[in-house]
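Peer 1: The following feature annotations were taken from TrEMBL:
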BINDING   Glu104, Glu129, Asp156, Asp178  S-adenosyl-L-methionine binding site
BINDING   Lys182, Asp214, Thr249, Lys250, Phe251, Glu252  substrate binding site
COMPBIAS  32-48  compositional bias 'Low complexity'
REGION    29-48  region 'Disordered'
Amino acid sequence: MILSSRVAHHIRSDRGVAYSRVAVTSTDHEPAAVAGPSPATSSTPVPTAIPIRTFHPRRGRMTGRQLDAMDQLWPVFGLTVPEPAGSPLDLADLFGRRAPVVLEIGSGMGDATAAMAADDPSRDYLAVEVHTPGIANLLDLVRRHGLGNVRIVEGDALELVRGLPVDALDAVHVFFPDPWPKTRHHKRRLIQPAHVALLRSRLTPGGTLHCATDWAEYAESMRRTLDDDPGLVNAHPGYAPRPAHRPVTKFERRARTASRDVFDLIYHRV
Ligand SMILES: C[S@@+](CC[C@H](N)C(=O)[O-])C[C@H]1O[C@@H](n2cnc3c(N)ncnc32)[C@H](O)[C@@H]1O
């Protein structure tokens, strides 16, 4: 598969860089006083922006198979989040065809993405993840299952979405996002009003935002947030019945083992 120069522009060429963790951040910021001189007065501390991340920085070793997948497949199927100043990502160019695109935010080890892409060849799957071993694992699954309809972005999903054209996505999946259970960490949650408005703006009219979680309090918060968004309507009266097309991943298996409920929320853009 040959990617066009426009897409190749976003792809890492330095293999050494590809394996290292990149400092990817959200551009939502919280002010914090910094003990340094203000450029204006040279004595007054000024607030500066500390980026808020929706993910835990994690290290992880890659297996031999994952390293090999990274070597062989990253140049073909992988890209980093494009620079904010660049032109919007051209998805038809990226996938080499014009088809509905599903964005998989936080694809983890990629099992769900690979299974859905295999079952749904008429749509393209754009997975975004910050965890390098997970990215490598999905690349390996792409190779093993011969999937042509998957591309994998390394970096912050929110940055990626800001760089997508409006109306670009047929669906957005946010499956088992980090729950950030402590109240002081709720600002790190992926599903919060500003992020939902951003995701909705990139959905095509009638497009789907599908979230799933096993964290009951986060599920309630998601429901309030999604209900309150003026551009979304709930496809079901309350939580959705578990859709058969959402593959079971380790997070759902863990929840079942611990007798925790799993909540699906399926909304459409009006
Ligand atoms: C709890 S895991 C769930 C993985 C997968 N969706 C599943 O169901 O198996 C959440 C994942 O989201 C990723 N994540 C969180 N915030 C992200 C962001 N802003 N951009 C990209 N990935 C993110 C984390 O690195 C983590 O792998």
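The backbone N, Cα and C atoms fix where each Cβ goes, glycine too.
Give me the structural setting of these features: burial, nearby parts and distances.
Peer 2: Note: Glu129 (S-adenosyl-L-methionine binding site) has non-local neighbours Gly106, Ser107, Gly108, Gly110, Ile135, Leu138, Ile152, Val153, Glu154, i.e. same-chain residues 6+ apart with C-beta under 8 A of its own C-beta. In three-state terms derived from DSSP, Glu129 (S-adenosyl-L-methionine binding site) belongs to an extended strand segment.
If you draw a 10 Å sphere around the CB of Asp214 (substrate binding site), it holds 18 other CB atoms from the protein chains shown.
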Peer 1: Out of Lys182, Lys250, give me whichever of these binding-site residues has the highest number of other Cβ atoms within 10 Å.
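Peer 2: Buried the deepest by this measure is Lys250.
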Peer 1: List those of the binding-site residues Lys182, Thr249, Phe251 whose Cβ lies under 6 Å from any atom of ligand 1, in sequence order, or write none if there are none.
Peer 2: Thr249, Phe251
